[in-house]
Each structure stands twice: as structure tokens, then as C-alpha cells.
Amino acid sequence: MGTRGVPALVDTTPAKTILVYRNGDPFYVGRRVVLPRRRAATFEALLEQLTEQVPVPFGVRRLFTPTRGRPVLELAALQAGGKYVAAGRERFQKLDYIHIVPRKPAKMRKLKEIKPVVHCDIKVPSRWQTYHRTSRHIHVFTNGRLFIPPTKIIIPKFSLTEWNSVLATIGEKVFPLGGVRKLFTMNGHLLDNSKDLQDQHFYVAAGLESFKYFPYWKSPNVPSEVQQKYADIEKHSRRKEKEDSKGKEPPKHDNIPPRAQDSVFYAKEGQKKTLVEPLIQGGAEGDVYKAQTPNTETQGVPEVTEDQYVQVEVPLDQRPAEIVKEVEEIHDDAPDFESNKEKEDERLYEDNEGKI
């Protein structure tokens, strides 16, 4: 039985692992690169491998030591676990590459809701939470329709950013003439912003028409405290109107009788009398139709007077008035043609007899 030969020894030299920084970058923490013998046979092959792994403008062309910046020119000069700086064609930039540490990610701060300060049992949400985080529950009347009960409407929080979206949401439940175009409070105050909307309040939706002042707050669907609030407002406004009416006194006209004051011909205060200027005859001084500057061609020419026998037609409105007789007078004054004809026939008959 023959003996086998000694097997060939395998190269068990461990691969080199180096840490490569980027030239001039104080935030690049370095890239670990493994250099196996079969892949990196030459120094140029090593530079090509580093170009694929370390993002350097125009590729890796040089290697430097991190502290003094000495160039590395061959594979034998590389040490396992060593640190180097990869650069392109530029010069070495001196930085503290060895102490570059990765930055810790910033901690995300949790947004805490603003909680209201509670001094009693009533829970009132904060202003920020009410306007930006919650929806609104409102009750809406139809303008001019007092006997229709209010409609409860929930306005979502995403619709509060635009006022037109709020009106469109209300228009799905309330149907005034022309659709919902305006929103009023029960005393006629016009709203134009969603920030003015308050939760669990009553409003009046209208179209293009104006607000109709009806006692909406007297509806049985309105809570008693809201009715009392608007009743106090109405009493206060009536009391103020009475005080204003008492403070104003009517103007006194002692010397002028009341019948003359009520007449349409009586000149009241604030009216001005209009002066009627007399008409100027044509050709007189100040007439707009008269030439302001004399004509040089007509200077020294004798004026031709009009003939007295020339008949001039006068307009009808300038002729003197004539007396027009009635129809009966004309018939009375007209000659009796029949009687005249009989008298003529008798006279001719007598003449004929005398000739015979």
C-alpha cells in the first residue's frame, strides 16, 4: 500500500481590516474596509475598491495617515486595524479624524396637550384644544321660519379650517332659499370666521336675503338660561330706545301754523331756494349766441333795416290769444240759407209777372 504525499499548505494569513475616513469631512465617522489578498492584489486595485465603498468626489486617488498626513504608496505599508484618510487629487486637510464620533439622533419630543386649570367642577377645554382638536356641536335655525325647530349639526374639526366648508356642512341639514350663504347669531350678528363658533350655541342660517329679526330664542327647544339671556338683552334695548326717544324733542315752529307746516309749499329746513334767472333776448349783452369778438369783415358796413311791410311768421306760442266761439254760437250767427232762397224765388216771380 503506497503512502500519500504531503498536502499543500493553505495560506491562512488573515485579511486586513482598515478604517477609512473621507478627506476634509469632520462628520464622516469612517468606513471599515476588508482587504482580502485575492481581491486587492495591487495598490491600484485597492484604490478602485475604496472608490466603490467611500464616496469621494472624482474617486479615491490617494491614501494618507490621519495624524500627520503622510501618503501611503504600497499595500505592505497598510497595517491591520489601521486608520487612513481617502482623498482625490486635492491636498490632505488636517482634521482630528481619530476622534470623530457618530452623532446621536435627536430625541423626538412628545407633544403634550395643554390641560386647563380647573378651579371648580366645570370642565372647560383649553382654547388651543377647542379650536384645533375638537369638533363643534351647534344648533341652527332657518332664517324667517320661526316655527321650524333648530337642527343639531356636528361640524368636524377638519372643516373648521375653511369657512366655506362650514357653510357647506350646515347646508346639508338646513335649506334656506338659495342655500346657506350667511350665518348669524340669534340677535342678527353676522359671522365670518369659524373661530367665532362656540360649542352648543344657537345660530340662524340664511341665503342671499337679509337677516329677519324674529324671536328665535322663544322656541321651546332653546334652553331656559339662553332664553333668559336674550330676554334681558331685548329689555335693555327697548329701555334704551325709550330713553333716546325722550331725549329727542321735535323742532318748534311758533310763528307758523301747523297747516302751513304740513303744506307741500312750505319751505322746510335744509331746502334751498332756487333762483330763476330771466331769459336774455337774443343778441343782447351777455348772450351766449352773440359773437364775443367782432368780425373784421363786417366793420364799417351800414346796417340794413327790415322793411315794415315784410310779413314775419310768428310761432304759435308767441301769437296773441284769440277768442274761440262755441259751436252753438256759430250756428246761431250763421245765415238762414233756406229763408234767403225763398225770398229770392219770390222776387224773381214778381219780376217775371211785371214783364208780362
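Keep in mind that glycine also has a Cβ here, set from the backbone N, Cα and C atoms.
These numbers come from a predicted model, not from an experiment.
According to TrEMBL, the features are:
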type	residues	note
COMPBIAS	234-256	compositional bias 'Basic and acidic residues'
DOMAIN	16-98	domain 'Doublecortin'
DOMAIN	136-217	domain 'Doublecortin'
REGION	234-261	region 'Disordered'
REGION	331-356	region 'Disordered'
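Each residue in the domain 'Doublecortin' (136-217) gets a DSSP state, and the totals come to 17 helix, 23 strand, 42 coil. Helix, strand and coil content of the domain 'Doublecortin' (16-98), in residues and according to DSSP, is 14 helix, 21 strand, 48 coil.
Mean pLDDT for the domain 'Doublecortin' (136-217) in this predicted model: 90.
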